[in-house]
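Undergrad: Feature annotation from Swiss-Prot assigns signal peptide to 1-24. According to Swiss-Prot, the feature N-linked glycosylation site maps to Asn54, Asn105, Asn139, Asn250, Asn293, Asn338, an assignment based on sequence analysis. Summarising the annotation, Swiss-Prot assigns active site to Ser181, Asp386, His438. Annotation source Swiss-Prot lists disulfide bond at Cys249-Cys260.
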Amino acid sequence: MARTHFIFLLLVALLSTTFPSSSSSREQEKDRIKALPGQPKVAFSQYSGYVNVNQSHGRALFYWLTESSSPSPHTKPLLLWLNGGPGCSSIAYGASEEIGPFRINKTGSNLYLNKFAWNKDANLLFLESPAGVGYSYTNTSSDLKDSGDERTAQDNLIFLIKWLSRFPQYKYRDFYIAGESYAGHYVPQLAKKINDYNKAFSKPIINLKGFLVGNAVTDNQYDSIGTVTYWWTHAIISDKSYKSILKYCNFTVERVSDDCDNAVNYAMNHEFGDIDQYSIYTPTCVAAQQKKNTTGFFVRMKNTLLRRRLVSGYDPCTESYAEKYFNRPDVQRAMHANVTGIRYKWTACSDVLIKTWKDSDKTMLPIYKELAASGLRIWIFSGDTDSVVPVTATRFSLSHLNLPVKTRWYPWYTDNQVGGWTEVYKGLTFATVRGAGHEVPLFEPKRALILFRSFLAGKELPRSY
């Protein structure tokens, strides 16, 4: 029944793209951002607004498009960026801290340019998804308590189809998806939806070429084993805690036992210390401890250890700058946001969605196998100082794909220094970024940009100085 309803929604969305009207140009122009408050002068165009993905429930997703700053943006691909959580904003993180053209100052009063913005090479589309994240909303309150992987992927596909109707110049354009963390679910799940959808057309409007994901949640069992191993090998936890967690935690089941819960809680509360778990070698922010206490970082979730680790919060300092800026009424007017007068404040992550997330696939490995065989370009990258979804977790998970190696492990270089390490498999490339935390473009922006350019070009990462 649910599948039939989804197919019906796709047909409705498809009809709106098959018979474009003059209203598309009017809708597009209505979404144009003339200038953001405190924004430096730029030559590229920006648009933002809402796309309704479910009329009966009143679910609408908010987007922000920053076109390429290159002299010929019409020749550049379109990149959709998704952040994870689940329940965290791509505008708060991807756009404002990582790959977007602007950074927010500490007071939330002004913007300044990001020297390593990815819109030098692509048109960037940031989507706040699912409904309930950031400015995205639903008129059906129960939607906030039964969100999950499947509906998020469905809504994101419907968004894309309808958005392309509003922006027909992007139909058939080379299209890529990127993201990080729990977007390790969102990105491949959406890629599969698009791949399946495109099979019905000889020339599909969504010209999906590939995707890349950083510090990606991939497989509950292997990710969890790899994470605990990272904690121990990086001297964050004791031998005793490491052995206790491996002894008492069964990472193949949905619910953790009390013994497992106690072992993990002891390690995190008594051995970790006050470190930034998303970047273990960088200083913590004063606000970090406050964030930990107020968001329930250590609350017991209903799922696995993995879910317990994913309660929100990247860098709490930069996150607070975004919350100051995007709650400003003049910013919301400029972005055509909060047009329905949402009663709650814009936040970087939704606690409600995080705590009530319903369906979460245990593994992405079957999707990776399918899409790797389909010819899509797939890159997985890991910042190597992240202890939340660490490099060992990703390597443990990817090793179970058993893909043939095309290019053996080697160091790649930037500015006469090792930028990380990489190995190329048949259908998939894996790369590390040296010195980067959970949000790779935040901690190592230049290396992240070089990685992105190599991905777009379909070339291996540079071997030379």
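Each Cβ is built from the backbone N, Cα and C atoms, and glycine gets one as well.
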Undergrad: Which one is it: of the recorded positions Asn105, Cys260, Asp386, whose Cα lies the shortest distance from the Cα of His438 (active site)?
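TA: With Cα distances computed to His438 (active site), the winner among Asn105, Cys260, Asp386 is Asp386.
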Undergrad: Since the record lists Asn105, Asn338 as glycosylation sites, which of them has the fewest other Cβ atoms within 10 Å of its Cβ?
TA: Asn105
Undergrad: Between C-alpha atoms, which of these recorded positions comes nearest to Ser181 (active site): Asn54, Cys249, Asn338, Asp386?
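TA: Closest by Cα distance to Ser181 (active site) among the recorded positions Asn54, Cys249, Asn338, Asp386: Asp386.
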Undergrad: Starting from the Cβ of Asp386 (active site), draw a 10 Å sphere and report how many other Cβ atoms land inside it.
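TA: Step by step: centre on the Cβ of Asp386 (active site), count other Cβ atoms within 10 Å, giving 30.
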Undergrad: Among the glycosylation sites Asn54, Asn139, Asn250, point out the residue whose Cβ has the most other Cβ atoms within 10 Å, with all shown protein chains included in the count.
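TA: Compared across Asn54, Asn139, Asn250, the most Cβ atoms within 10 Å surround Asn54.
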Undergrad: Just checking the glycosylation sites Asn54, Asn105, Asn338: which sit within 10 A of Asn250 (N-linked glycosylation site), CA to CA?
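TA: Passing the 10 Å Cα cut: none.
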Undergrad: By CA-CA distance, flag whichever of Cys249, Cys260, Asn338, Asp386 among the recorded positions is nearest to Asn54 (N-linked glycosylation site).
TA: Asn338
Undergrad: To the nearest Å, how far is the Cα of Asn338 (N-linked glycosylation site) from the Cα of Asp386 (active site)?
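TA: Distance between the two Cα atoms comes out at 34 Å.
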Undergrad: Out of Asn105, Asn139, Asp386, the recorded positions in the record, which is closest to Cys249 (disulfide bond) when you go by Cα distance?
TA: Asp386
Undergrad: Which of the three DSSP-derived classes (helix, strand, coil) applies to Asn250 (N-linked glycosylation site)?
TA: coil
Undergrad: Specify the count of other C-beta atoms within 10 Å of the C-beta of Ser181 (active site).
TA: 28
Undergrad: Give me the CA-CA distance between Asp386 (active site) and Cys260 (disulfide bond), in Å, as a whole number.
TA: 22
